[in-house]
């Protein structure tokens, strides 16, 4: 199934199913999602809002909000299952082995604690170091993420920092206990456009330095194109296409990906070249049978209504779930 | 527009509220109890064995008759016993509940009309009118409503000539409780009005030249009926409790027309001598009434606010 | 900081002045002080003489100023009913009310916060469900009924605790008498304190629970969980501290409400406090006492409000910046 050229993955997600029981029946928010992240690799995860990007992140770190629950599949970190751990076992993994950066830096930090208090607490939760050592580490970390005069500013409260600076603090917090994997959930969406690139750069550099892998969740293909090694495209809780970034951008196999790619503005492109996908993503309670994309697809044919396509290899390391590829290409 | 808002109201009523009601045993039981008590209160003159407010029907010899036991002197027997003056406790509870409900409903209605009106004006006009009204609301809200009600009651008693104090007591009570309770309504309505008035359809209506009062009543009011209903229901429980409390303190309804609070006050005096029934039965009636209304209000709030579900 | 406090004190003074105006209007225009003081048989000449002597013929402003300056010195006149200086009456009864309010307030706060946190953290547990259901009954039970039922159970049936009065009190200094120092004084406090505190406790509990649930949903709590912090650190550090910010304000106001609600409890337990004094003044239209009580409650509320503001300021660093900025 998966490309066998891949090294032993750091994170391996297989057939992950996430369900939400509601009073109108059970909604399937993630449906057999599979992907790997290699050591040191940056995997981009794109899709419209509601496609299940953030849910995937929450499921991996074990923080699905009730009543949401993992109903099938498995998640492995360096080969060991982590989807069935107890709360306490999982807690030791969170922050220590998997870090997470949230979307809105304005609400991610506790307003009543200084940055130093929050950093030191995080470090000392996972590492056996003294208060003074933890503080030294914290200052170094803030300095590394680009907070000027870190030694002085560390005792400030979050509201003393600007949005961009706060997101740097959030990144420092996520990386405080040196995790192997960082899940960044729309880390720049809430920020001013002028600082978005800087934040992504900081995140990418610091992870590269430490050899940490990154799962970058975003709806911005531009960010993916510049940052990620590989990209997974999610649609209605299913992986539509996954492969190396360059490959996917230049040779998108799935009509949905092709539509998304059309939405990246580049210098040569004029606005009339922007491809718009007609229609909207189906709601979770009305996903059509067969391929979930069939109502919006320009290339739809009868098979798409009958059977759901599974991920098949279309090119080296490049997998697509589409009957077009199946019947035409393979 | 009207049909649109009406159909929306109908839709909410049919789907969510009723669904939630059908699936909440607590709400069903509470609703049943409230309905039962309300019916008993309305038909009290036909249901009650005696009229406790009619002195000619009272026999002091009947006083302190225990429940279900014949009186030592007269041989009369009463289901729930009699009080110190020989009033049948059951009849007094029925008539007392009538007064409690009447005062409670009237006070809430008064508070509601006052609060909605002031809230609409404050929200729509803004500026100093809003500032003044909300300042008054803030100050009043920082004092417990029972204290406000007591003060208003005291002032009214001072202003009314002694000859009329008895007959005016119930109305004074209604005004006192109502005036102490309008703030919640005003706040909710004001908030909603401020949100609503900046919306396009209201602006459009204004441009077309519709009268502000018409805009307020037609377009804004339907949007706040949900919260107002919740506050009204919980307010009803509070008003019933306030009336009982004032009567218990001896400043509510006149002693010749005992309400539940008055009965409990009488009951407390005879606790040590062993006449427990004068206290127990009115207490149960009051608790059942207040608790059921409260439960209904609680359920209504949860049902109308899906975020808390 | 100083500017902020000064501004708050100034606002408080304005509130006090308004309350004073209401009190004065009460004092001056409700009922006829002359006929209340002299009785029906006084002659018109006598009445007019007293009217002149009391300054009732002076212009409104003069009378109001007079009222305020006497109030500041603690002179609220003579009670119509008891024929004693109002201030003396109030001072002799204030310790009873304050001690009762203090004990109830502490009870309400400690148990309210404790239960609130517990029910928020164990939302679906059977104990939480039980506590929440009982609390709803607690809210629906009128305070006086709680008191009467407690008397019935603990004083009449079990005969464990006294049902009325303060028990034996010890005089401290010139006017303060305390019930804390004698066994009967402490025993007498128990039932009234529970009665008075129960309602406030349920309110605080429900507020803490609601605020805590709200805080537990915030992003910074999610982020704290995602960093693997221990539940203890998250719940009792991050969540509780943020919960307390709004809770402090409302709890402070509740403390004021406790003193006002003492009216009811004092009546039920024949507790010799200012509340019982006030209710009798309402019953007999004893206007000077009503006016003085109103002023007293206002002073207490204003003081509590000030303390709450200062506490708020100490807890929430965000306010320090804004207000320091405004003060510069």
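For all residues, glycine too, the Cβ spot is worked out from N, Cα and C.
The transmembrane segment annotation in TrEMBL falls on one of the ranges B:224-249, B:250-275, namely B:224-249. Within the chain carrying the transmembrane segment (B:276-300), a Cβ under 8 angstroms from the stretch's Cβ atoms is held by residues 20-21, 24, 26-27, 29-31, 33-34, 37, 66-67, 80-81, 83-84, 89-90, 92-93, 96-97, 100-101, 229-230, 233-234, 236-237, 240-241, 244, 260-261, 263-264, 266-268, 270, all 6 or more beyond its ends. Between the transmembrane segment (B:224-249) and the transmembrane segment (B:26-48) there are fewer than 3 Cβ pairs closer than 8 Å, counting only residues 6 or more apart in sequence, so the two stretches are not in contact. Through the fold, the transmembrane segment (B:168-189) approaches residues 99, 102-104, 106-112, 114-116, 118-120, 122-123, 133-134, 137, 140-141, 145-146, 148-150, 152-153, 156-157, 160, 224, 227-228, 231-232, 235, 238-239, 242-243, 246, 252-254, 257 of its own chain, all at least 6 residues removed from its boundaries and within a Cβ separation under 8 Å. Within its own chain, the transmembrane segment (B:136-156) has Cβ neighbours under 8 Å at 168, 172-173, 175-177, 179-181, 183, 186-187, 238, 242, 245-246, 249, 251, counting only residues six or more beyond its boundaries.
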